[in-house]
(Lines of atoms letter the chains of each structure in order from A and count residues from 1; the text may use other names and numbers.)
(Lines give C-alpha, C1' and ligand atoms only; values in the text may rest on other atoms or scores of the structure.)
Protein backbone atom coordinates (compact mmCIF):
# COMPACT_ATOMS: atom_id res chain seq x y z
CA UNK A 1 0.00 0.00 0.00
CA UNK A 2 1.30 3.48 -0.93
CA UNK A 3 1.67 5.61 2.19
CA UNK A 4 -0.34 8.81 1.92
CA UNK A 5 0.83 12.20 3.23
CA UNK A 6 -0.02 12.43 6.89
CA UNK A 7 -1.98 15.66 6.40
CA UNK A 8 -4.49 13.71 4.32
CA UNK A 9 -5.03 10.99 6.83
CA UNK A 10 -5.09 12.89 10.10
CA UNK A 11 -8.38 13.86 11.77
CA UNK A 12 -9.82 17.30 11.09
CA UNK A 13 -8.51 18.93 14.28
CA UNK A 14 -4.94 17.87 13.54
CA UNK A 15 -5.25 19.07 9.94
CA UNK A 16 -6.31 22.52 11.14
CA UNK A 17 -3.40 22.67 13.56
CA UNK A 18 -1.01 21.82 10.73
CA UNK A 19 -2.62 24.54 8.61
CA UNK A 20 -2.01 27.08 11.40
CA UNK A 21 1.58 25.86 11.65
CA UNK A 22 1.89 26.43 7.89
CA UNK A 23 0.65 30.02 8.33
CA UNK A 24 3.11 30.65 11.12
CA UNK A 25 5.91 29.21 8.99
CA UNK A 26 5.08 31.66 6.17
CA UNK A 27 5.27 34.58 8.59
CA UNK A 28 8.58 33.42 10.05
CA UNK A 29 10.09 32.89 6.59
CA UNK A 30 9.05 36.39 5.53
CA UNK A 31 10.58 37.88 8.68
CA UNK A 32 13.79 35.92 8.12
CA UNK A 33 14.08 36.98 4.49
CA UNK A 34 13.47 40.61 5.45
CA UNK A 35 16.65 40.50 7.54
CA UNK A 36 18.85 39.01 4.82
CA UNK A 37 20.90 40.89 2.22
CA UNK A 38 22.07 39.90 -1.20
CA UNK A 39 25.63 39.88 -2.55
CA UNK A 40 25.23 43.49 -3.58
CA UNK A 41 24.43 44.51 -0.01
CA UNK A 42 20.80 45.28 -0.78
CA UNK A 43 18.09 43.64 1.41
CA UNK A 44 16.34 40.67 -0.17
CA UNK A 45 13.01 41.97 1.00
CA UNK A 46 12.20 45.63 1.52
CA UNK A 47 10.38 45.73 4.84
CA UNK A 48 8.82 48.95 6.00
CA UNK A 49 6.36 49.84 8.73
CA UNK A 50 3.48 48.54 6.59
CA UNK A 51 5.14 45.12 6.34
CA UNK A 52 5.68 44.80 10.09
CA UNK A 53 2.15 46.01 10.74
CA UNK A 54 0.91 43.26 8.45
CA UNK A 55 3.08 40.67 10.23
CA UNK A 56 1.66 41.76 13.59
CA UNK A 57 -1.93 41.67 12.37
CA UNK A 58 -1.49 38.28 10.70
CA UNK A 59 0.17 36.82 13.80
CA UNK A 60 -2.79 37.95 15.90
CA UNK A 61 -5.16 36.26 13.45
CA UNK A 62 -3.15 33.05 13.60
CA UNK A 63 -3.41 33.06 17.38
CA UNK A 64 -7.14 33.63 17.02
CA UNK A 65 -7.44 30.62 14.71
CA UNK A 66 -5.55 28.50 17.23
CA UNK A 67 -8.06 29.39 19.93
CA UNK A 68 -11.02 28.79 17.59
CA UNK A 69 -9.65 25.32 16.82
CA UNK A 70 -10.59 24.32 20.39
CA UNK A 71 -14.06 25.84 20.07
CA UNK A 72 -17.41 24.58 18.79
CA UNK A 73 -17.00 25.73 15.17
CA UNK A 74 -17.22 22.94 12.62
CA UNK A 75 -14.23 21.90 10.58
CA UNK A 76 -15.67 23.21 7.29
CA UNK A 77 -16.56 26.60 8.80
CA UNK A 78 -13.07 27.05 10.24
CA UNK A 79 -11.43 26.16 6.91
CA UNK A 80 -13.67 28.52 4.93
CA UNK A 81 -13.21 31.48 7.26
CA UNK A 82 -9.50 30.84 7.66
CA UNK A 83 -8.72 30.52 3.94
CA UNK A 84 -10.84 33.57 3.13
CA UNK A 85 -8.94 35.66 5.67
CA UNK A 86 -5.62 34.23 4.40
CA UNK A 87 -6.45 35.31 0.85
CA UNK A 88 -7.41 38.78 2.02
CA UNK A 89 -4.22 39.10 4.07
CA UNK A 90 -1.91 37.97 1.24
CA UNK A 91 -3.64 40.32 -1.23
CA UNK A 92 -3.35 43.13 1.37
CA UNK A 93 0.39 42.41 1.69
CA UNK A 94 0.68 42.57 -2.08
CA UNK A 95 -1.25 45.87 -2.23
CA UNK A 96 0.88 47.43 0.52
CA UNK A 97 4.07 46.63 -1.37
CA UNK A 98 3.32 47.79 -4.90
CA UNK A 99 0.67 45.42 -6.20
CA UNK A 100 1.22 42.41 -8.39
CA UNK A 101 4.74 43.65 -9.26
CA UNK A 102 5.87 42.99 -5.68
CA UNK A 103 5.76 39.21 -6.20
CA UNK A 104 3.86 38.59 -2.98
CA UNK A 105 0.94 37.27 -5.01
CA UNK A 106 2.84 34.02 -5.52
CA UNK A 107 2.19 33.27 -1.84
CA UNK A 108 -1.44 32.66 -2.78
CA UNK A 109 -0.50 29.42 -4.57
CA UNK A 110 0.66 27.40 -1.51
CA UNK A 111 -2.36 28.68 0.44
CA UNK A 112 -4.70 27.58 -2.33
CA UNK A 113 -2.88 24.23 -2.53
CA UNK A 114 -3.36 23.56 1.19
CA UNK A 115 -6.95 24.77 1.01
CA UNK A 116 -7.58 22.36 -1.88
CA UNK A 117 -6.36 19.50 0.30
CA UNK A 118 -8.71 20.42 3.14
CA UNK A 119 -11.71 21.59 1.13
CA UNK A 120 -14.81 19.52 0.43
CA UNK A 121 -17.14 19.74 -2.55
CA UNK A 122 -16.68 22.83 -4.71
CA UNK A 123 -15.08 25.01 -2.04
CA UNK A 124 -11.72 24.68 -3.79
CA UNK A 125 -13.17 26.59 -6.76
CA UNK A 126 -14.65 29.14 -4.37
CA UNK A 127 -11.23 29.83 -2.82
CA UNK A 128 -9.61 30.14 -6.26
CA UNK A 129 -12.39 32.48 -7.42
CA UNK A 130 -12.06 34.60 -4.28
CA UNK A 131 -8.30 34.91 -4.79
CA UNK A 132 -8.79 35.79 -8.47
CA UNK A 133 -11.32 38.49 -7.68
CA UNK A 134 -9.05 39.97 -5.00
CA UNK A 135 -6.07 39.93 -7.39
CA UNK A 136 -8.02 41.54 -10.21
CA UNK A 137 -9.54 44.12 -7.85
CA UNK A 138 -6.17 45.21 -6.48
CA UNK A 139 -4.64 45.26 -9.97
CA UNK A 140 -7.47 47.35 -11.46
CA UNK A 141 -7.21 49.78 -8.56
CA UNK A 142 -3.46 50.01 -9.16
CA UNK A 143 -3.99 50.70 -12.87
CA UNK A 144 -6.79 53.21 -12.46
CA UNK A 145 -5.74 55.05 -9.32
CA UNK A 146 -1.99 54.61 -9.18
CA UNK A 147 -1.11 54.76 -12.87
CA UNK A 148 -0.24 51.09 -13.20
CA UNK A 149 0.39 49.42 -16.53
CA UNK A 150 -1.80 46.93 -18.38
CA UNK A 151 1.00 44.40 -18.06
CA UNK A 152 0.10 44.13 -14.41
CA UNK A 153 -3.36 42.99 -15.47
CA UNK A 154 -1.82 40.20 -17.54
CA UNK A 155 0.33 39.16 -14.58
CA UNK A 156 -2.74 39.14 -12.34
CA UNK A 157 -4.68 37.03 -14.86
CA UNK A 158 -1.83 34.52 -15.12
CA UNK A 159 -1.54 34.35 -11.35
CA UNK A 160 -5.31 33.86 -11.02
CA UNK A 161 -5.20 31.05 -13.61
CA UNK A 162 -2.34 29.41 -11.73
CA UNK A 163 -4.43 29.68 -8.58
CA UNK A 164 -7.34 27.85 -10.22
CA UNK A 165 -5.07 25.13 -11.55
CA UNK A 166 -3.33 24.68 -8.20
CA UNK A 167 -6.54 24.60 -6.21
CA UNK A 168 -8.37 22.17 -8.51
CA UNK A 169 -5.35 19.89 -8.92
CA UNK A 170 -4.63 19.56 -5.21
CA UNK A 171 -8.33 19.06 -4.49
CA UNK A 172 -8.54 16.21 -7.02
CA UNK A 173 -5.38 14.65 -5.64
CA UNK A 174 -6.78 14.85 -2.13
CA UNK A 175 -10.07 13.29 -3.25
CA UNK A 176 -8.27 10.42 -4.98
CA UNK A 177 -6.08 9.94 -1.93
CA UNK A 178 -9.09 9.85 0.40
CA UNK A 179 -10.92 7.37 -1.84
CA UNK A 180 -7.80 5.21 -2.00
CA UNK A 181 -7.51 5.34 1.76
CA UNK A 182 -11.16 4.35 2.20
CA UNK A 183 -10.73 1.54 -0.32
CA UNK A 184 -7.60 0.35 1.46
CA UNK A 185 -9.44 0.43 4.80
CA UNK A 186 -12.34 -1.57 3.32
CA UNK A 187 -9.93 -4.08 1.80
CA UNK A 188 -8.09 -4.28 5.10
CA UNK A 189 -11.36 -5.04 6.90
CA UNK A 190 -12.21 -7.74 4.36
CA UNK A 191 -8.75 -9.25 4.71
CA UNK A 192 -9.10 -9.21 8.50
CA UNK A 193 -12.45 -11.00 8.22
CA UNK A 194 -10.98 -13.57 5.83
CA UNK A 195 -8.06 -14.13 8.18
CA UNK A 196 -10.49 -14.63 11.04
CA UNK A 197 -12.53 -17.12 9.00
CA UNK A 198 -9.36 -18.94 7.99
CA UNK A 199 -8.29 -19.10 11.62
CA UNK A 200 -11.66 -20.49 12.70
CA UNK A 201 -11.58 -23.08 9.91
CA UNK A 202 -8.00 -23.99 10.81
CA UNK A 203 -8.80 -24.45 14.49
CA UNK A 204 -11.90 -26.54 13.75
CA UNK A 205 -9.85 -29.24 12.01
CA UNK A 206 -9.03 -32.35 14.03
CA UNK A 207 -5.83 -32.76 12.08
CA UNK A 208 -2.61 -31.04 13.11
CA UNK A 209 -2.15 -28.34 10.45
CA UNK A 210 1.19 -26.62 9.87
CA UNK A 211 2.13 -23.95 7.33
CA UNK A 212 5.86 -23.97 6.56
CA UNK A 213 7.86 -21.45 4.59
CA UNK A 214 10.72 -22.23 2.22
CA UNK A 215 13.18 -22.55 5.10
CA UNK A 216 10.95 -24.96 6.99
CA UNK A 217 9.87 -22.45 9.64
CA UNK A 218 6.34 -22.59 11.00
CA UNK A 219 4.28 -19.63 9.79
CA UNK A 220 0.89 -20.77 11.05
CA UNK A 221 -0.53 -23.68 13.07
CA UNK A 222 -3.66 -24.81 14.89
CA UNK A 223 -4.35 -26.12 18.38
CA UNK A 224 -3.91 -29.75 17.33
CA UNK A 225 -0.38 -28.93 16.15
CA UNK A 226 0.27 -27.23 19.48
CA UNK A 227 -0.65 -30.43 21.31
CA UNK A 228 1.65 -32.56 19.16
CA UNK A 229 4.62 -30.23 18.69
CA UNK A 230 4.37 -27.91 21.69
CA UNK A 231 4.24 -24.82 19.46
CA UNK A 232 3.67 -21.49 21.17
CA UNK A 233 5.01 -19.02 18.59
CA UNK A 234 5.65 -18.73 14.87
CA UNK A 235 9.02 -18.93 13.18
CA UNK A 236 10.11 -22.14 14.90
CA UNK A 237 12.03 -24.90 13.10
CA UNK A 238 10.80 -28.47 13.65
CA UNK A 239 13.62 -30.98 13.23
CA UNK A 240 11.12 -33.87 13.18
CA UNK A 241 9.77 -32.60 9.85
CA UNK A 242 13.09 -31.85 8.16
CA UNK A 243 13.45 -35.31 6.60
CA UNK A 244 9.83 -35.63 5.35
CA UNK A 245 9.90 -32.13 3.83
CA UNK A 246 13.23 -32.81 2.11
CA UNK A 247 11.84 -36.08 0.72
CA UNK A 248 8.79 -34.25 -0.60
CA UNK A 249 10.96 -31.67 -2.35
CA UNK A 250 12.80 -34.47 -4.12
CA UNK A 251 9.90 -36.53 -5.48
CA UNK A 252 6.90 -34.18 -4.98
CA UNK A 253 4.71 -36.89 -3.45
CA UNK A 254 1.77 -35.39 -1.49
CA UNK A 255 1.89 -38.21 1.10
CA UNK A 256 4.51 -38.64 3.77
CA UNK A 257 6.92 -41.42 2.87
CA UNK A 258 6.86 -42.75 6.43
CA UNK A 259 5.17 -41.81 9.70
CA UNK A 260 6.68 -39.03 11.81
CA UNK A 261 7.63 -40.12 15.31
CA UNK A 262 7.70 -37.39 17.95
CA UNK A 263 9.65 -37.83 21.14
CA UNK A 264 6.80 -36.62 23.33
CA UNK A 265 4.08 -38.68 21.63
CA UNK A 266 3.61 -42.46 21.86
CA UNK A 267 1.84 -42.69 18.51
CA UNK A 268 3.45 -41.70 15.18
CA UNK A 269 1.88 -39.17 12.82
CA UNK A 270 1.08 -39.60 9.16
CA UNK A 271 -0.43 -37.18 6.68
CA UNK A 272 -0.12 -35.29 3.44
CA UNK A 273 1.44 -32.11 2.09
CA UNK A 274 -0.11 -29.47 -0.14
CA UNK A 275 2.18 -26.89 -1.80
CA UNK A 276 0.90 -23.31 -2.00
CA UNK A 277 2.65 -21.13 -4.57
CA UNK A 278 2.32 -17.42 -3.74
CA UNK A 279 4.64 -15.42 -5.95
CA UNK A 280 8.26 -16.35 -5.50
CA UNK A 281 7.79 -17.71 -1.96
CA UNK A 282 6.55 -21.31 -1.94
CA UNK A 283 4.60 -22.39 1.13
CA UNK A 284 3.93 -25.92 2.29
CA UNK A 285 0.71 -26.93 4.02
CA UNK A 286 0.94 -30.07 6.19
CA UNK A 287 -2.00 -32.12 7.47
CA UNK A 288 -0.91 -34.61 10.15
CA UNK A 289 -2.90 -37.15 12.15
CA UNK A 290 -2.04 -39.95 14.53
CA UNK A 291 -1.92 -43.38 12.92
CA UNK A 292 -4.02 -44.55 15.85
CA UNK A 293 -6.86 -42.21 14.87
CA UNK A 294 -6.76 -43.34 11.26
CA UNK A 295 -6.78 -46.99 12.31
CA UNK A 296 -9.73 -46.32 14.61
CA UNK A 297 -11.67 -44.61 11.83
CA UNK A 298 -10.94 -47.51 9.49
CA UNK A 299 -12.11 -49.92 12.17
CA UNK A 300 -15.31 -47.98 12.72
CA UNK A 301 -16.03 -47.95 8.98
CA UNK A 302 -15.36 -51.67 8.76
CA UNK A 303 -17.60 -52.39 11.72
CA UNK A 304 -20.37 -50.24 10.29
CA UNK A 305 -20.18 -52.06 6.96
CA UNK A 306 -19.98 -55.42 8.73
CA UNK A 307 -22.95 -54.51 10.88
CA UNK A 308 -25.12 -53.66 7.88
CA UNK A 309 -24.05 -56.83 6.10
CA UNK A 310 -24.61 -59.12 9.06
CA UNK A 311 -27.97 -57.54 9.82
CA UNK A 312 -29.17 -58.24 6.31
CA UNK A 313 -27.85 -61.79 6.42
CA UNK A 314 -29.36 -62.38 9.85
CA UNK A 315 -32.81 -61.31 8.69
CA UNK A 316 -32.55 -63.59 5.67
CA UNK A 317 -31.48 -66.55 7.85
CA UNK A 318 -34.28 -66.16 10.37
CA UNK A 319 -37.09 -66.85 7.93
CA UNK A 320 -35.96 -70.33 6.75
CA UNK A 321 -34.68 -71.05 10.27
CA UNK A 322 -38.15 -70.57 11.70
CA UNK A 323 -39.56 -72.93 9.08
CA UNK A 324 -36.94 -75.58 9.91
CA UNK A 325 -37.61 -75.29 13.65
CA UNK A 326 -41.37 -75.54 13.14
CA UNK A 327 -40.99 -78.57 10.87
CA UNK A 328 -38.74 -80.29 13.44
CA UNK A 329 -41.36 -79.76 16.15
CA UNK A 330 -44.04 -81.28 13.93
CA UNK A 331 -41.84 -84.29 13.18
CA UNK A 332 -41.06 -84.72 16.88
CA UNK A 333 -44.75 -84.80 17.79
CA UNK A 334 -45.48 -87.67 15.35
CA UNK A 335 -42.21 -89.54 15.79
CA UNK A 336 -42.40 -92.94 17.52
CA UNK A 337 -38.92 -94.21 16.80
CA UNK A 338 -36.37 -93.00 19.45
CA UNK A 339 -33.76 -92.37 16.78
CA UNK A 340 -36.15 -90.09 14.94
CA UNK A 341 -36.90 -88.18 18.14
CA UNK A 342 -33.18 -87.85 18.80
CA UNK A 343 -32.67 -86.40 15.31
CA UNK A 344 -35.52 -83.94 15.70
CA UNK A 345 -34.10 -82.90 19.07
CA UNK A 346 -30.72 -82.27 17.43
CA UNK A 347 -32.44 -80.17 14.76
CA UNK A 348 -34.27 -78.08 17.38
CA UNK A 349 -31.10 -77.58 19.48
CA UNK A 350 -29.06 -76.45 16.49
CA UNK A 351 -31.79 -74.16 15.22
CA UNK A 352 -31.92 -72.55 18.67
CA UNK A 353 -28.13 -72.15 18.55
CA UNK A 354 -28.32 -70.54 15.13
CA UNK A 355 -31.14 -68.31 16.33
CA UNK A 356 -29.00 -67.22 19.30
CA UNK A 357 -26.14 -66.50 16.91
CA UNK A 358 -28.45 -64.38 14.77
CA UNK A 359 -29.68 -62.51 17.85
CA UNK A 360 -26.11 -61.76 18.91
CA UNK A 361 -25.24 -60.52 15.44
CA UNK A 362 -28.26 -58.22 15.50
CA UNK A 363 -27.22 -56.99 18.94
CA UNK A 364 -23.80 -56.15 17.51
CA UNK A 365 -25.49 -54.07 14.83
CA UNK A 366 -27.34 -52.12 17.54
CA UNK A 367 -24.12 -51.08 19.36
CA UNK A 368 -24.29 -47.53 17.96
CA UNK A 369 -27.73 -46.89 19.45
CA UNK A 370 -26.44 -45.71 22.79
CA UNK A 371 -28.77 -44.07 25.31
CA UNK A 372 -26.47 -43.24 28.23
CA UNK A 373 -27.97 -42.46 31.62
CA UNK A 374 -26.79 -42.12 35.19
CA UNK A 375 -26.99 -45.50 36.93
CA UNK A 376 -26.43 -46.52 40.54
CA UNK A 377 -24.39 -49.76 40.56
CA UNK A 378 -25.98 -51.05 43.77
CA UNK A 379 -29.45 -50.80 42.27
CA UNK A 380 -28.88 -51.84 38.67
CA UNK A 381 -26.53 -54.76 39.47
CA UNK A 382 -28.97 -56.16 42.03
CA UNK A 383 -31.65 -56.15 39.33
CA UNK A 384 -29.33 -57.86 36.84
CA UNK A 385 -28.39 -60.58 39.34
CA UNK A 386 -32.07 -61.15 40.05
CA UNK A 387 -32.81 -61.50 36.33
CA UNK A 388 -29.91 -63.94 35.91
CA UNK A 389 -31.14 -66.09 38.81
CA UNK A 390 -34.56 -66.34 37.18
CA UNK A 391 -32.89 -68.20 34.30
CA UNK A 392 -30.34 -70.06 36.43
CA UNK A 393 -32.27 -71.05 39.55
CA UNK A 394 -29.29 -73.00 40.89
CA UNK A 395 -27.39 -69.71 41.22
CA UNK A 396 -29.87 -68.31 43.75
CA UNK A 397 -28.03 -67.15 46.87
CA UNK A 398 -24.62 -68.09 45.51
CA UNK A 399 -23.69 -64.82 43.77
CA UNK A 400 -22.14 -62.30 46.15
CA UNK A 401 -21.98 -58.57 45.35
CA UNK A 402 -19.55 -56.20 47.07
CA UNK A 403 -19.80 -52.41 46.74
CA UNK A 404 -16.69 -50.47 47.76
CA UNK A 405 -17.79 -47.27 46.04
CA UNK A 406 -21.16 -45.51 46.06
CA UNK A 407 -20.23 -43.54 42.93
CA UNK A 408 -22.79 -43.44 40.09
CA UNK A 409 -21.81 -44.23 36.51
CA UNK A 410 -22.89 -43.28 32.99
CA UNK A 411 -23.97 -46.22 30.83
CA UNK A 412 -26.71 -47.49 28.55
CA UNK A 413 -28.93 -49.66 30.75
CA UNK A 414 -29.65 -52.23 28.05
CA UNK A 415 -26.00 -52.51 27.06
CA UNK A 416 -24.93 -52.94 30.69
CA UNK A 417 -27.52 -55.69 31.15
CA UNK A 418 -26.21 -57.55 28.11
CA UNK A 419 -22.55 -57.20 29.18
CA UNK A 420 -23.08 -58.25 32.81
CA UNK A 421 -25.45 -61.04 31.78
CA UNK A 422 -22.84 -62.46 29.43
CA UNK A 423 -20.11 -62.28 32.07
CA UNK A 424 -22.34 -63.91 34.70
CA UNK A 425 -23.24 -66.71 32.29
CA UNK A 426 -19.58 -67.37 31.49
CA UNK A 427 -18.59 -67.23 35.15
CA UNK A 428 -21.40 -69.55 36.24
CA UNK A 429 -20.44 -72.04 33.52
CA UNK A 430 -16.86 -72.38 34.77
CA UNK A 431 -17.11 -71.73 38.55
CA UNK A 432 -17.38 -74.34 41.33
CA UNK A 433 -21.00 -73.26 41.95
CA UNK A 434 -20.56 -72.77 45.67
CA UNK A 435 -21.71 -69.74 47.61
CA UNK A 436 -19.29 -66.99 46.61
CA UNK A 437 -17.94 -68.91 43.62
CA UNK A 438 -19.28 -66.08 41.48
CA UNK A 439 -18.80 -62.52 42.71
CA UNK A 440 -19.46 -58.97 41.55
CA UNK A 441 -17.15 -56.34 43.03
CA UNK A 442 -17.61 -52.59 42.54
CA UNK A 443 -14.79 -50.14 43.21
CA UNK A 444 -13.37 -46.98 41.69
CA UNK A 445 -10.04 -45.58 40.53
CA UNK A 446 -9.09 -41.96 39.89
CA UNK A 447 -10.55 -42.02 36.40
CA UNK A 448 -13.14 -44.82 36.24
CA UNK A 449 -15.71 -46.87 38.09
CA UNK A 450 -14.66 -50.54 38.19
CA UNK A 451 -17.08 -53.48 37.94
CA UNK A 452 -15.40 -56.89 38.34
CA UNK A 453 -17.09 -60.22 37.64
CA UNK A 454 -14.97 -62.92 39.32
CA UNK A 455 -15.34 -66.70 39.39
CA UNK A 456 -13.29 -69.42 41.08
CA UNK A 457 -12.89 -71.43 37.88
CA UNK A 458 -9.62 -72.33 36.17
CA UNK A 459 -9.47 -69.06 34.25
CA UNK A 460 -8.46 -68.53 30.64
CA UNK A 461 -5.26 -70.17 29.45
CA UNK A 462 -2.41 -67.94 28.38
CA UNK A 463 -2.61 -69.31 24.83
CA UNK A 464 -6.22 -68.15 24.51
CA UNK A 465 -6.04 -64.73 26.19
CA UNK A 466 -4.77 -62.85 23.14
CA UNK A 467 -7.80 -64.01 21.10
CA UNK A 468 -10.35 -63.89 23.88
CA UNK A 469 -12.29 -60.94 22.43
CA UNK A 470 -12.03 -61.88 18.76
CA UNK A 471 -15.32 -62.52 16.94
CA UNK A 472 -16.32 -66.16 16.34
CA UNK A 473 -13.48 -67.43 18.51
CA UNK A 474 -14.61 -70.10 20.96
CA UNK A 475 -13.21 -73.19 22.67
CA UNK A 476 -16.60 -74.86 22.97
CA UNK A 477 -18.54 -76.54 20.21
CA UNK A 478 -21.81 -75.15 21.59
CA UNK A 479 -20.61 -71.55 21.72
CA UNK A 480 -20.94 -68.87 19.05
CA UNK A 481 -17.74 -67.00 19.83
CA UNK A 482 -19.55 -63.65 19.78
CA UNK A 483 -20.47 -63.15 23.43
CA UNK A 484 -17.29 -61.50 24.70
CA UNK A 485 -16.70 -59.73 21.40
CA UNK A 486 -20.13 -58.12 21.54
CA UNK A 487 -19.65 -57.30 25.23
CA UNK A 488 -16.43 -55.40 24.49
CA UNK A 489 -17.98 -53.59 21.51
CA UNK A 490 -20.93 -52.49 23.63
CA UNK A 491 -18.53 -51.31 26.34
CA UNK A 492 -16.55 -49.22 23.84
CA UNK A 493 -19.79 -47.75 22.51
CA UNK A 494 -20.34 -46.38 26.04
CA UNK A 495 -16.77 -45.00 26.33
CA UNK A 496 -15.96 -47.92 28.62
CA UNK A 497 -13.47 -50.79 28.42
CA UNK A 498 -13.85 -54.51 29.08
CA UNK A 499 -10.66 -56.40 29.93
CA UNK A 500 -9.60 -59.78 31.25
CA UNK A 501 -7.26 -59.81 34.25
CA UNK A 502 -5.09 -62.80 35.02
CA UNK A 503 -4.48 -64.94 36.94
CA UNK A 504 -7.90 -66.34 37.71
CA UNK A 505 -11.23 -65.69 36.10
CA UNK A 506 -11.69 -61.92 36.48
CA UNK A 507 -13.30 -59.63 33.92
CA UNK A 508 -13.17 -55.90 34.65
CA UNK A 509 -15.44 -53.25 33.17
CA UNK A 510 -14.01 -49.69 33.31
CA UNK A 511 -16.97 -47.27 33.28
CA UNK A 512 -17.33 -43.50 33.18
CA UNK A 513 -18.01 -41.85 36.51
CA UNK A 514 -20.96 -39.53 36.96
CA UNK A 515 -18.96 -36.68 38.52
CA UNK A 516 -21.92 -34.34 38.74
CA UNK A 517 -23.79 -36.77 40.96
CA UNK A 518 -23.32 -36.94 44.71
CA UNK A 519 -21.62 -40.25 45.63
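Every residue gets a Cβ built from N, Cα and C, even glycine.
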Next item on the list: Among 2-20, 21-39, find the range that TrEMBL records as transmembrane segment.
Entry: 21-39
Next item on the list: May I ask for the residues of the chain that lie six or more residues beyond the transmembrane segment (102-119) and have a Cβ under 8 Å from a Cβ within it?
Entry: 7-8, 15-16, 19, 22, 26, 79, 83, 86-87, 90-91, 93-94, 127-128, 131, 135, 155-156, 159, 162-163, 166-171, 173-174
Notebook entry, point to check: Taking residues 6+ outside the transmembrane segment (21-39), which of them lie with a CB under 8 Å of any CB in it?
Noted result: 45, 47, 51, 55, 58-59, 62, 65, 86, 107, 110, 114
